[in-house]
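Below: one structure, written as structure tokens.
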Amino acid sequence: MAWFSLHLLHLLWAAAGTSTWARSSCSVPQAAQHLVDGLQVLLEDSVSSAAPPNPSVLIAMNLAGALSAEARELLADRLGASDSAGLSVGQLALTIMALNSSCRDPGNKVSVLYGQMEAWPPSSPSAPAWTFYGPSLAVLALCQEHPGRALPVAARLAKILAAGLSPFNTDTGAMVTLALTCMYNKIPEGSEEGYRTLFSQVLKDVVENISMRIKDNGIIGDVYSTGLAMQALSVTPEPPNKEWDCKKTMDTILKEIEQGKFHNPMSIAQILPSLKGKTYLDVPYVSCSPGHQVQPTLPSQPSPVPTSASNITVAYTINNQLKGVELVFNETIDVSVKDGSVLLVVLEEAQRRNPMFKFVTTMTSWGLVVSSINNIAESVHDRTYWQFLSGKTPLNEGVADYTPRDHEHITANFTQY
């Protein structure tokens, strides 16, 4: 796909620093603006000195126009002082972009990231799609810093993707699109034409794959991948074969917000830029001039009448049938918890009643992730992890966010990716 092939559009985009989608036909209606304001307040309230600094949160705050200067400065200070050692390429790339969006110098973090990507082993074309998410973020961050230096790294990533055989992943596809669109628009003058052809072909294939994930209600992939996918589709000057109705997507997302689907800070960070008509390509153009930010007036909500919550029963199964793992088991327990409890409460009650259900969690940018059950731990080397399902459907929320229903059957299945 020829991204920003019209030279005039390319110049306008570079000068304005904004994406070119028709915001007038895909913007948040004034009547629903309070929903977006509420999300942003919730996001910024999640920032504290006790919580791990999340660069995605800072990027979203800056793209949206931070309401709390105190929260923004706290997050920027902590990320600026963070040690690059031990960070994945994706985490380091996000940190660089977060600092740039705050008009902070990322210092030697850029050189560290470039060194990591130079040493990045070319993955097999059949590697899981998510393994390309971090490198795509790295290409995007390096493109915004020094596109000429990023060119060979981006070309290596694009060549691997061009031969890709692994199942498509919407989040990764969206990040690939943003990264290679940045590179396509910033190919240094005098570079070989082959770079443009390579990026164009990969972009065409990836965007077509994203468009095939557009559901009838406008959701792209699932509700939590839609934010990044909106960014990706909004920066393409050449629409995919399946037309994207941006307004339908926006309307459905607003309904999901109204129903309380977005309360995890990371999920808010990924949807907020699109609600504000921004993308990660706008990071270098964020204005850092001082200005008085007015806290939005949120509609007052009537105080809920205290009620005595009834109990629900959840069937909870832990299952490991992987060959080569010493302990094989399939155990089910019925757990009674208060209605409205999150899944984590179910796991804690199961663990209290039966030590076989003992579990360990790890904190990630998306919140708590279960990393071990019954002394069987996930392993990057063996590509194993604990997948949670409702019936046969994988959950798209974490254990601290998902609220099970009465008589729902939740399974934790030890599996490979």
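Residue numbering: from 1, along the chain as shown.
From the backbone N, Cα and C atoms, a Cβ is placed for every residue, glycine too.
Among the features that Swiss-Prot reports, cob(II)alamin binding site is placed at Asp171, Asp222, Gln270, 365-370, 386-395. Feature annotation from Swiss-Prot assigns disulfide bond to Cys26-Cys246, Cys103-Cys288, Cys143-Cys182; the stated evidence is similarity to another entry. Marked as N-linked glycosylation site by Swiss-Prot on the basis of sequence analysis: Asn100, Asn209, Asn311, Asn330, Asn413. Annotation source Swiss-Prot lists phosphoserine at Ser191, citing similarity to another entry. Per Swiss-Prot, the feature signal peptide maps to 1-22.
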Cβ-Cβ distance under 8 Å to Cys288 (disulfide bond), same chain, at least six residues away: Ser102, Cys103
Other CB atoms within 10 A, centred on Cys246 (disulfide bond): 19
Cys103 (disulfide bond) CB neighbourhood, other CB atoms within 10 A: 12
For the recorded positions Cys143, Leu389, the one whose C-beta sees the most other C-beta atoms within 10 angstroms: Cys143
Rounded Cα separation (Å) that holds between Cys182 (disulfide bond) and Asp171 (cob(II)alamin binding site): 17
Number of other Cβ atoms within 10 Å of the Cβ of Asn311 (N-linked glycosylation site) across all protein chains: 11
Which same-chain residues, if any, lie at least 6 apart from Trp386 (cob(II)alamin binding site) yet have Cβ under 8 Å of it: Val370, Ser371, Ser372, Ile373, Glu378, Ala412, Asn413, Phe414, Thr415
